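According to TrEMBL, the features are:
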{"type": "ACT_SITE", "residues": "His193", "note": "active site, proton acceptor"}
{"type": "BINDING", "residues": "Asp48, Asn111, Val135, Gly136, Asn137", "note": "NAD(+) binding site"}
{"type": "BINDING", "residues": "Arg98, Arg104, Asn137, Arg168", "note": "substrate binding site"}
{"type": "DOMAIN", "residues": "12-158", "note": "domain 'Lactate/malate dehydrogenase N-terminal'"}
{"type": "DOMAIN", "residues": "162-336", "note": "domain 'Lactate/malate dehydrogenase C-terminal'"}
Amino acid sequence: MLVNEQAAEPIRVVVTGAAGQIAYSLLYSIAKGDVFGKDQPIILVLLDIPPMLPVLDGVVMELQDCALPLLREVIPTDKVEVGFKDIDAAILVGSMPRKEGMERKDLLKANVAIFKTQGAALDKYAKKTVKVLVVGNPANTNCLIASKSAPSIPKENFSCLTRLDHNRASSQVAMRCGVSSDKVKNVIIWGNHSSTQYPDVHHAKVNVHGTETPAYDAVKDETWLRGDFISTVQLRGAAVIKARKLSSAMSAAKAICDHMRDIWFGTKEGEFISMGVYATGNSYGIPEDLIYSFPVEIKNKTWKMVDGLPINDFSRAKMDATAAELVEERDTALDFLSQ
(Lines of atoms letter the chains of each structure in order from A and count residues from 1; the text may use other names and numbers.)
(Lines give C-alpha, C1' and ligand atoms only; values in the text may rest on other atoms or scores of the structure.)
Protein backbone atom coordinates (compact mmCIF):
# COMPACT_ATOMS: atom_id res chain seq x y z
CA MET A 1 0.00 0.00 0.00
CA LEU A 2 1.35 3.42 -0.90
CA VAL A 3 1.26 5.91 1.91
CA ASN A 4 0.88 9.39 0.54
CA GLU A 5 1.80 11.46 3.55
CA GLN A 6 5.18 13.14 3.54
CA ALA A 7 7.32 12.19 6.53
CA ALA A 8 8.45 15.21 8.54
CA GLU A 9 11.96 16.51 7.91
CA PRO A 10 14.34 15.48 10.71
CA ILE A 11 15.31 18.15 13.22
CA ARG A 12 18.87 18.44 14.52
CA VAL A 13 19.25 18.35 18.29
CA VAL A 14 22.59 18.73 20.07
CA VAL A 15 23.25 17.63 23.64
CA THR A 16 26.53 18.75 25.24
CA GLY A 17 28.17 16.83 28.05
CA ALA A 18 26.71 13.91 26.12
CA ALA A 19 28.89 11.27 27.81
CA GLY A 20 27.73 12.37 31.27
CA GLN A 21 25.08 10.90 33.51
CA ILE A 22 22.28 13.44 32.91
CA ALA A 23 22.64 12.88 29.16
CA TYR A 24 22.54 9.11 29.72
CA SER A 25 19.09 9.51 31.28
CA LEU A 26 18.02 12.08 28.67
CA LEU A 27 19.02 10.77 25.25
CA TYR A 28 16.63 7.82 25.18
CA SER A 29 13.59 10.05 25.88
CA ILE A 30 14.57 12.47 23.11
CA ALA A 31 15.29 9.72 20.59
CA LYS A 32 12.05 7.92 21.43
CA GLY A 33 9.91 10.97 20.64
CA ASP A 34 8.91 12.04 24.16
CA VAL A 35 10.12 15.61 23.64
CA PHE A 36 9.71 16.76 20.04
CA GLY A 37 6.76 14.58 19.10
CA LYS A 38 5.93 11.02 18.15
CA ASP A 39 6.23 11.67 14.41
CA GLN A 40 9.26 13.96 14.41
CA PRO A 41 12.43 12.26 13.11
CA ILE A 42 15.62 13.35 14.88
CA ILE A 43 19.31 13.68 14.14
CA LEU A 44 21.07 13.58 17.51
CA VAL A 45 24.41 15.33 17.80
CA LEU A 46 26.43 14.38 20.87
CA LEU A 47 29.11 16.87 21.87
CA ASP A 48 31.69 16.32 24.59
CA ILE A 49 35.36 16.96 25.34
CA PRO A 50 38.07 14.84 23.60
CA PRO A 51 38.84 12.54 26.58
CA MET A 52 35.16 11.48 26.61
CA LEU A 53 35.02 10.35 22.96
CA PRO A 54 35.55 6.62 23.73
CA VAL A 55 32.66 6.76 26.23
CA LEU A 56 30.57 8.59 23.63
CA ASP A 57 31.13 5.70 21.21
CA GLY A 58 29.51 3.41 23.77
CA VAL A 59 26.53 5.75 24.06
CA VAL A 60 26.20 5.72 20.26
CA MET A 61 26.21 1.92 20.25
CA GLU A 62 23.47 1.84 22.85
CA LEU A 63 21.31 4.33 20.97
CA GLN A 64 21.70 2.18 17.84
CA ASP A 65 20.78 -0.89 19.88
CA CYS A 66 17.55 0.76 21.08
CA ALA A 67 16.36 0.43 17.44
CA LEU A 68 14.33 3.63 17.61
CA PRO A 69 12.39 4.44 14.43
CA LEU A 70 12.58 8.24 14.86
CA LEU A 71 16.35 8.30 15.32
CA ARG A 72 17.73 8.94 11.85
CA GLU A 73 21.37 9.53 12.75
CA VAL A 74 23.68 9.89 15.76
CA ILE A 75 26.76 12.08 15.40
CA PRO A 76 29.38 11.98 18.19
CA THR A 77 31.88 14.86 18.11
CA ASP A 78 34.29 16.99 20.12
CA LYS A 79 34.21 19.86 17.61
CA VAL A 80 31.83 22.82 18.05
CA GLU A 81 31.64 23.46 14.30
CA VAL A 82 30.20 19.95 13.87
CA GLY A 83 28.20 20.04 17.09
CA PHE A 84 26.30 23.26 16.41
CA LYS A 85 25.90 23.08 12.62
CA ASP A 86 22.29 23.86 11.51
CA ILE A 87 20.94 22.98 14.95
CA ASP A 88 17.22 23.36 15.78
CA ALA A 89 17.53 22.71 19.53
CA ALA A 90 20.57 22.85 21.79
CA ILE A 91 20.60 21.36 25.29
CA LEU A 92 23.76 22.54 27.02
CA VAL A 93 24.29 20.08 29.86
CA GLY A 94 28.08 20.05 29.95
CA SER A 95 29.80 22.46 32.32
CA MET A 96 32.73 22.55 34.73
CA PRO A 97 31.53 20.93 37.96
CA ARG A 98 32.58 22.42 41.25
CA LYS A 99 35.50 20.51 42.71
CA GLU A 100 36.32 20.36 46.39
CA GLY A 101 38.12 23.45 47.65
CA MET A 102 37.16 25.41 44.53
CA GLU A 103 36.13 29.02 45.02
CA ARG A 104 32.83 29.99 43.43
CA LYS A 105 34.59 32.60 41.30
CA ASP A 106 37.02 29.98 39.95
CA LEU A 107 34.00 27.93 38.94
CA LEU A 108 32.46 30.97 37.24
CA LYS A 109 35.69 31.73 35.40
CA ALA A 110 35.97 28.18 34.01
CA ASN A 111 32.33 28.22 32.90
CA VAL A 112 32.52 31.67 31.31
CA ALA A 113 35.18 30.25 29.00
CA ILE A 114 33.03 27.23 28.09
CA PHE A 115 29.81 29.14 27.46
CA LYS A 116 31.53 31.96 25.60
CA THR A 117 32.90 29.34 23.17
CA GLN A 118 29.55 27.59 22.82
CA GLY A 119 27.63 30.85 22.42
CA ALA A 120 30.02 31.98 19.69
CA ALA A 121 29.66 28.58 17.95
CA LEU A 122 25.84 28.81 18.11
CA ASP A 123 26.09 32.31 16.64
CA LYS A 124 28.27 31.12 13.78
CA TYR A 125 26.83 27.67 12.94
CA ALA A 126 23.31 27.15 14.34
CA LYS A 127 19.98 28.16 12.82
CA LYS A 128 18.87 31.60 14.00
CA THR A 129 15.63 29.98 15.19
CA VAL A 130 17.52 27.60 17.51
CA LYS A 131 16.08 27.11 20.99
CA VAL A 132 18.87 26.92 23.55
CA LEU A 133 18.38 25.39 26.99
CA VAL A 134 21.23 25.77 29.48
CA VAL A 135 21.39 23.11 32.20
CA GLY A 136 25.05 23.19 33.28
CA ASN A 137 25.59 25.16 36.48
CA PRO A 138 25.64 28.00 37.37
CA ALA A 139 22.84 27.73 34.80
CA ASN A 140 21.40 31.27 34.89
CA THR A 141 24.75 32.98 34.47
CA ASN A 142 26.04 30.41 31.94
CA CYS A 143 22.90 31.08 29.92
CA LEU A 144 23.50 34.85 30.06
CA ILE A 145 27.10 34.41 28.86
CA ALA A 146 26.04 32.09 26.01
CA SER A 147 23.40 34.56 24.87
CA LYS A 148 25.75 37.55 25.03
CA SER A 149 28.24 35.54 22.97
CA ALA A 150 25.58 34.87 20.30
CA PRO A 151 24.35 38.37 19.38
CA SER A 152 22.64 37.26 16.14
CA ILE A 153 20.32 34.80 17.93
CA PRO A 154 17.29 36.41 19.60
CA LYS A 155 17.68 36.69 23.38
CA GLU A 156 14.25 35.09 23.82
CA ASN A 157 15.63 31.85 22.33
CA PHE A 158 17.81 31.29 25.40
CA SER A 159 16.48 29.81 28.62
CA CYS A 160 17.89 27.96 31.61
CA LEU A 161 16.49 25.02 33.52
CA THR A 162 14.51 25.70 36.70
CA ARG A 163 11.88 23.10 35.79
CA LEU A 164 13.55 20.56 38.09
CA ASP A 165 13.01 22.94 41.01
CA HIS A 166 9.46 23.56 39.75
CA ASN A 167 8.74 19.82 39.62
CA ARG A 168 10.28 19.34 43.06
CA ALA A 169 7.97 22.04 44.48
CA SER A 170 4.88 20.60 42.76
CA SER A 171 5.67 17.14 44.06
CA GLN A 172 6.21 18.32 47.65
CA VAL A 173 2.81 20.06 47.65
CA ALA A 174 1.13 17.04 46.04
CA MET A 175 2.58 14.62 48.60
CA ARG A 176 1.57 16.93 51.43
CA CYS A 177 -2.03 17.06 50.12
CA GLY A 178 -2.17 13.34 49.30
CA VAL A 179 -2.89 13.91 45.60
CA SER A 180 -1.00 12.98 42.43
CA SER A 181 1.41 15.57 41.08
CA ASP A 182 -0.75 16.43 38.05
CA LYS A 183 -3.33 17.82 40.47
CA VAL A 184 -0.96 20.69 41.39
CA LYS A 185 -0.44 23.61 39.01
CA ASN A 186 1.10 27.07 38.88
CA VAL A 187 3.81 26.80 41.48
CA ILE A 188 6.57 29.29 40.70
CA ILE A 189 10.34 29.21 41.02
CA TRP A 190 11.67 32.77 41.16
CA GLY A 191 15.29 33.67 40.53
CA ASN A 192 18.49 31.68 40.49
CA HIS A 193 18.87 27.92 40.13
CA SER A 194 20.76 27.88 43.42
CA SER A 195 19.91 27.62 47.10
CA THR A 196 18.61 31.24 47.02
CA GLN A 197 15.81 30.34 44.59
CA TYR A 198 12.32 31.10 45.89
CA PRO A 199 9.69 28.37 45.44
CA ASP A 200 6.38 30.26 45.68
CA VAL A 201 2.96 28.64 46.06
CA HIS A 202 0.91 31.80 46.68
CA HIS A 203 -0.56 31.47 43.18
CA ALA A 204 -0.64 27.67 42.99
CA LYS A 205 -3.80 25.59 42.83
CA VAL A 206 -4.43 22.06 44.04
CA ASN A 207 -7.25 19.95 42.65
CA VAL A 208 -8.77 18.33 45.73
CA HIS A 209 -11.71 15.98 45.01
CA GLY A 210 -12.38 17.79 41.72
CA THR A 211 -12.28 21.30 43.19
CA GLU A 212 -9.45 23.73 42.44
CA THR A 213 -8.25 25.08 45.77
CA PRO A 214 -5.51 27.64 46.49
CA ALA A 215 -2.43 25.77 47.69
CA TYR A 216 -2.36 27.54 51.07
CA ASP A 217 -5.95 26.37 51.73
CA ALA A 218 -5.25 22.84 50.48
CA VAL A 219 -2.06 22.39 52.52
CA LYS A 220 -3.43 24.12 55.64
CA ASP A 221 0.03 24.54 57.14
CA GLU A 222 1.52 27.98 56.67
CA THR A 223 4.51 27.25 58.91
CA TRP A 224 5.54 24.36 56.65
CA LEU A 225 4.90 26.33 53.43
CA ARG A 226 7.03 29.25 54.62
CA GLY A 227 9.73 27.09 56.23
CA ASP A 228 10.58 23.47 55.53
CA PHE A 229 8.84 23.39 52.15
CA ILE A 230 11.06 26.18 50.82
CA SER A 231 14.31 24.81 52.25
CA THR A 232 13.51 21.26 51.07
CA VAL A 233 13.15 22.47 47.48
CA GLN A 234 16.16 24.81 47.71
CA LEU A 235 18.46 22.09 49.09
CA ARG A 236 17.06 19.05 47.30
CA GLY A 237 19.98 18.74 44.90
CA ALA A 238 22.45 18.52 47.80
CA ALA A 239 20.22 15.97 49.55
CA VAL A 240 20.25 13.72 46.47
CA ILE A 241 24.05 13.97 46.19
CA LYS A 242 24.43 13.11 49.88
CA ALA A 243 22.24 10.02 49.45
CA ARG A 244 23.35 8.77 46.02
CA LYS A 245 26.92 10.13 45.98
CA LEU A 246 25.93 11.37 42.49
CA SER A 247 23.89 14.37 41.41
CA SER A 248 20.26 14.13 40.27
CA ALA A 249 20.24 12.70 36.76
CA MET A 250 16.90 10.92 36.25
CA SER A 251 14.88 13.85 37.62
CA ALA A 252 17.05 16.42 35.83
CA ALA A 253 16.57 14.60 32.51
CA LYS A 254 12.79 14.44 33.08
CA ALA A 255 12.73 18.20 33.79
CA ILE A 256 14.73 18.92 30.61
CA CYS A 257 12.17 16.90 28.63
CA ASP A 258 9.28 18.82 30.26
CA HIS A 259 10.94 22.18 29.54
CA MET A 260 11.72 21.43 25.88
CA ARG A 261 8.37 19.78 25.21
CA ASP A 262 6.58 22.85 26.57
CA ILE A 263 8.67 25.12 24.32
CA TRP A 264 7.81 22.93 21.32
CA PHE A 265 4.12 22.31 22.03
CA GLY A 266 3.10 25.06 24.46
CA THR A 267 1.70 25.09 27.98
CA LYS A 268 -1.87 24.10 28.84
CA GLU A 269 -4.55 26.78 28.91
CA GLY A 270 -4.60 28.46 32.33
CA GLU A 271 -1.30 26.95 33.42
CA PHE A 272 2.16 28.40 33.70
CA ILE A 273 5.57 26.85 34.31
CA SER A 274 8.92 28.18 35.53
CA MET A 275 11.98 28.82 33.44
CA GLY A 276 15.00 31.10 33.55
CA VAL A 277 14.62 33.78 30.87
CA TYR A 278 15.79 37.33 30.19
CA ALA A 279 14.28 39.67 32.79
CA THR A 280 13.86 42.47 30.22
CA GLY A 281 10.52 44.26 30.58
CA ASN A 282 9.35 42.24 33.60
CA SER A 283 6.65 43.73 35.83
CA TYR A 284 8.23 42.51 39.08
CA GLY A 285 11.04 45.02 39.56
CA ILE A 286 13.77 42.50 38.78
CA PRO A 287 16.95 44.02 37.24
CA GLU A 288 16.79 43.81 33.44
CA ASP A 289 20.08 42.28 32.31
CA LEU A 290 19.67 38.94 34.10
CA ILE A 291 18.49 35.44 33.31
CA TYR A 292 15.98 35.00 36.13
CA SER A 293 13.36 32.31 36.65
CA PHE A 294 9.81 33.60 36.11
CA PRO A 295 6.37 32.08 35.59
CA VAL A 296 5.79 31.81 31.82
CA GLU A 297 3.12 30.66 29.40
CA ILE A 298 4.23 29.29 26.02
CA LYS A 299 2.43 29.38 22.68
CA ASN A 300 3.81 28.90 19.13
CA LYS A 301 7.29 28.23 20.57
CA THR A 302 7.27 31.68 22.17
CA TRP A 303 7.20 32.28 25.92
CA LYS A 304 5.42 35.14 27.61
CA MET A 305 5.94 36.17 31.19
CA VAL A 306 2.89 35.96 33.45
CA ASP A 307 2.50 39.56 34.55
CA GLY A 308 0.76 41.30 37.39
CA LEU A 309 0.63 38.52 40.01
CA PRO A 310 0.25 40.17 43.44
CA ILE A 311 3.48 39.89 45.45
CA ASN A 312 3.39 40.14 49.25
CA ASP A 313 6.26 41.33 51.47
CA PHE A 314 7.39 37.78 52.29
CA SER A 315 7.75 36.97 48.57
CA ARG A 316 9.27 40.35 47.71
CA ALA A 317 12.18 39.87 50.11
CA LYS A 318 12.95 36.39 48.76
CA MET A 319 12.66 37.51 45.12
CA ASP A 320 15.06 40.40 45.78
CA ALA A 321 17.57 38.21 47.63
CA THR A 322 17.93 35.76 44.74
CA ALA A 323 18.14 38.70 42.27
CA ALA A 324 20.99 40.18 44.32
CA GLU A 325 22.91 36.91 44.07
CA LEU A 326 22.37 36.85 40.29
CA VAL A 327 23.58 40.46 39.90
CA GLU A 328 26.77 39.57 41.77
CA GLU A 329 27.29 36.43 39.65
CA ARG A 330 26.65 38.36 36.46
CA ASP A 331 29.09 41.14 37.34
CA THR A 332 31.85 38.65 38.20
CA ALA A 333 31.19 36.70 34.99
CA LEU A 334 31.14 39.81 32.79
CA ASP A 335 34.52 40.84 34.25
CA PHE A 336 35.91 37.49 33.09
CA LEU A 337 34.15 37.80 29.73
CA SER A 338 35.82 41.14 29.00
CA GLN A 339 39.33 39.87 29.85
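Keep in mind that glycine also has a Cβ here, set from the backbone N, Cα and C atoms.
Heads up, TrEMBL stuff is auto-annotated, nobody curated it.
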### Task
Taking the Cβ of Asp48 (NAD(+) binding site) as the reference point, list residues of the same chain whose Cβ is under 8 angstroms away and which are at least six residues distant in sequence.
Thr16, Gly17, Ala18, Ala19, Gly20, Val55, Leu56, Pro76, Asp78, Gly94
### Query
At the level of the C-alpha atoms, what whole-angstrom distance separates Gly136 (NAD(+) binding site) and His193 (active site, proton acceptor)?
10
### Message
On average, what pLDDT score does this prediction assign to the domain 'Lactate/malate dehydrogenase C-terminal' (162-336)?
### Response
97
### Message
Measuring Cα to Cα across Asp48, Asn111, Val135, Gly136, Asn137, which the record gives as the NAD(+) binders, how far apart are the two most distant ones in Å?
### Response
16
### Summary
For Arg98 (substrate binding site), the closest of the recorded positions by C-alpha position, picking from Asn111, Val135, His193, is Asn111
### Task
Tally every other Cβ atom lying within 10 Å of the Cβ atom of Val135 (NAD(+) binding site).
28
### Query
Want to know which recorded positions, from Arg104, Arg168, His193, are within 10 Å of Asn137 (NAD(+) binding site) at Cα; which are they?
His193
### Summary
If you measure between the CA atoms of Arg104 (substrate binding site) and Asn111 (NAD(+) binding site) and round to the nearest Å, you get 11
### Summary
Between the two most distant Cα atoms of the substrate-binding residues Arg98, Arg104, Asn137, Arg168, the distance in Å is 25
### Query
Taking Arg104, Arg168, His193 as the recorded positions to compare, which has the smallest set of other Cβ atoms within 10 Å?
Arg104
### Task
Using the structure shown, find which entry in Asn111, Asn137 (the binding-site residues) has the sparsest Cβ neighbourhood within 10 Å.
Asn137
## Note on the structure
Arg168 (substrate binding site) and the residue listed as 'active site, proton acceptor', compared by Cα position, are separated in whole Å by 12
